[in-house]
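Everything below concerns the one structure shown next.
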Ligand code: HEM
Ligand code: FES
């Protein structure tokens, strides 16, 4: 056994260090986890995501106290019991709804920040891949949660999305029925999506967040200029502790110094968050979902939540098989970004020539797809814009390796 | 020495693998539809209630079913179900694209799917160039007098199936 200090007072610092190496752990994870100074508020998005996930978890736990996962009871338990009877039940529901919506806004900002600054390559590939894993998991979490109020949109989104698994001409209806546990969404379906939403997926998400953090530890976060920071030298300067040396150091410790900046940005974010919760909660509540599920009546126009609209619009303009293939590719293509970008430059897009155009086209294309996805499929002009944007999405991805292959190398 | 350790390793690996496969099988079976769901009974539709040119929506195995008594000017089709000299279009009312329920547009005499803009004519045939890849599906049926029994395969259904007309 390791040597312990016999005289250490129980639970004192020394006592804990002898048993848990607490000081070492704190150093590795906080006080000597170095963050470059040269970053901006966009680097706070990660911690905002972590905090929003925490809020979703807490509000979800309170919703769970009165939610009833049955096809007869679900709709009323949410719209009647929780919203009107349970004290402050409406608060948890609105927090949960706004949180689920904003988490995607922040995820998209976080992703595009990574793309803009080239934070997904040259040692940071696993950060990107674990991040995309989180994106897929959050998508599944949002979809399964959307089933739970068992309104019209829950039912028909469940119908359409599970039908995607028939694989078009593969006609794998057995698989679709297996996923549903029934010919159509019913009790078996609601029960299993309830299980996924409240237990299995949150557990996997927590694991994936820990993994995402672990992937950051060795490569460290990138910075605004893609500059390669000499962490050892900078850490030494910081630890020297003089005003002079700390000024010269290019880094600050994650905690408490960087975290206090993060918390400032978080403060601004939560003002927006609670403004929406209290004064604009309808933005996260679809009116159609205030009708109970009815398997004999499709709503006049169905569409997913705003954060899925761009990929939904990629499915829509094509024939069934082509649409499914396009949709499947769109779901996973971002995973491949570190490998499709052939340029060694880690630098902001503004310094990367054609890549800068690629970046803004991709961002605008996804925004246009999002708007088109919300419109009914009847207007030919908008359907055409949707088609062009969907094709552009694939053209951009196909062009990426070539654009980046010929990119001028910025530095050795 | 090493062989003994190898044996232990293989024994442990073997039992773990067997347990894992068994566990996965049990998990798969738990996700399967229940026997009571599979055995969902048949639906009997009384055709004397049908009004020409006005589709009725029935329910079979949780799915909506269109029954449209055709008017004289609606084109006849091999997929029509003929009972007592009257022609009916009978189909599962779920769009063959991704499963929304198309709505009947009386003015155009078509079934229009609002989800992604699919259109089917009064014989359930999908109009070309739109997302749905195939006609509306015909459920297994049996004609009994002036009623239609969904869920069992009568001779007329089997004939259609032989000619690949049901999907
Ligand atoms: C939704 C859950 C997520 C959480 C809780 C989370 C958390 C974090 C945190 C705390 C950081 C470090 C601070 C920062 O740079 O913002 C970070 C960095 C990063 N994340 Fe995420 N993230 C999530 C999702 C994603 C997604 C969906 C992607 C994209 C595929 C992604 C890609 C990255 C990248 C590339 C970095 C490194 C940024 C840099 O080096 O400058 N993350 N994440
Ligand atoms: S579900 Fe009918 S057109 Fe897509």
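Using N, Cα and C of the backbone, Cβ positions are placed for all residues, glycine too.
Feature annotation from TrEMBL assigns domain 'Cytochrome b/b6 N-terminal region profile' to A:12-225.
The transmembrane segment annotation in TrEMBL covers A:41-68 (among others).
Per TrEMBL, the feature transmembrane segment maps to A:98-119 (among others).
Annotation comment: TrEMBL describes A:126-148 (among others) as transmembrane segment. Long-range contacts of the transmembrane segment (A:126-148) within the same chain: residues 67, 69, 74, 78, 100, 103-104, 107, 110-111, 114, 119-120, 154, 157-158, 161, 185, 189-190, 193-194, 196-197, 201-202, 204-205, 208-209, 211-212, 215-216, 219, 305, 307-308, 331, 334-335, 337-338, each at least 6 residues beyond the stretch ends and with a Cβ under 8 Å from a Cβ of the stretch.
Annotation comment: TrEMBL describes A:193-214 (among others) as transmembrane segment.
What TrEMBL lists as domain 'Cytochrome b/b6 C-terminal region profile' is A:244-412.
The feature transmembrane segment is assigned by TrEMBL to A:263-281 (among others). For the transmembrane segment (A:263-281), the residues of the chain that approach it from at least six positions outside its boundaries are 41, 44, 47-48, 51-52, 91, 94-95, 97-99, 102, 106, judged by C-beta separation under 8 angstroms.
Residues or ranges marked as transmembrane segment by TrEMBL: A:322-341 (among others).
Beyond the transmembrane segment (A:353-375), the same-chain residues lying 6 or more positions past its ends with a Cβ under 8 Å from any Cβ of the stretch are 112, 115-116, 303-304, 306, 308-314, 316, 341, 343, 382-383, 385-386, 389-390, 392-393, 396, 399-400, 403-404, 406-408. Taken from TrEMBL, the feature transmembrane segment covers A:353-375 (among others).
The transmembrane segment annotation in TrEMBL covers A:381-403 (among others).
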Between the transmembrane segment (A:193-214) and the stretches A:41-68, A:322-341, A:381-403, the largest tally of CB pairs under 8 Å belongs to A:41-68
Outside the transmembrane segment (A:41-68), at least 6 residues beyond either end, the same-chain residues with a Cβ under 8 Å of its Cβ set are 35, 74, 76-78, 81-82, 86, 89, 92-93, 95-96, 99-100, 102-103, 106-107, 109-110, 113, 148, 198, 202, 205, 209, 221, 259, 261-262, 265-266, 269, 273
Here the mean pLDDT of the domain 'Cytochrome b/b6 N-terminal region profile' (A:12-225) is 95
